[in-house]
């Protein structure tokens, strides 16, 4: 049962479910946000402090256990077993810490509890521990949610139009070039975005998430940007002393490499949520909030869906109702799919295969040449 009231249910389209590459409709939807909300059970919007903290404790307990095993037992393993154990630790710990990152992301959306101050305290601690400027990201990410799918105002993974492609792009539009691009994006993409706004929307001057006076932020937000910077600097200071005590190699193995995995998954998840051959983008003549929010895609990461607290396979619902806690998002997604009809897209392609396909097919956007909808842009790769 939903929250009551009549809701419009478009006819289902089994072909679009079987063919995730079929373009989603770009016309104004025949339903409203309130109609979508009425289809969702009311309890899905309720936030529980105890339940939210249970996920924090669960993730941090696993992370500590992995740390304890790695630091107390790996060095006594007979060779060459340590060379196998450390990569396993890096991969598993990186996935668990990505889940921690997602919980801090919930705090930034006020989806952790009913108390904004508590959300910000938890988010600041968790994100700072992962070298993320919490408030800086929170405000730019909020603008991303307010402008999703807009070529002029979206904040992250804004696709280039063909006229804006760099001269060297044609030399990277091949398998070796795509491998190089993906490696750089997955390893350096997140710190480059924070420090230099790489892949973000253009600003009239230099934009940086660490700059309280940068163009990303308003005057009332500047104090919190300072707080974010202090949080990151405090963790860096602690890591410095840890490196002096334990050695740089110890810090890199225990903390640094798992953090690279976190950063890589963060970039990959965001990239695949907003980059897909079936998804449109809009310029100012066509964009509106609901169509932009629907220009996202749910993905299937297998067992990692649970590890990442379903941020991967409930992203459409998240963009529609970002204050909904993650532990209700699966139920909400099932409730809204009949309402959304063809406007909903789920792609169950394995994420590694999907990453390569999107890197190949989604190079730039342009309007279809044989249509009057010049404000609707689709991905293309012909350079």
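Including glycine, each Cβ sits where the backbone N, Cα and C put it.
Caution: TrEMBL annotation is automatic and unverified by curators.
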Given ranges 198-222, 248-272, 273-297, 298-322, the stretch to which TrEMBL attaches the annotation transmembrane segment: 248-272
The annotated transmembrane segment range in TrEMBL, which must be one of 88-105, 142-159, 340-357: 88-105
DSSP-assigned states of the domain 'Fatty acid desaturase N-terminal' (28-66) in counts, ordered helix, strand, coil: 28 helix, 0 strand, 11 coil
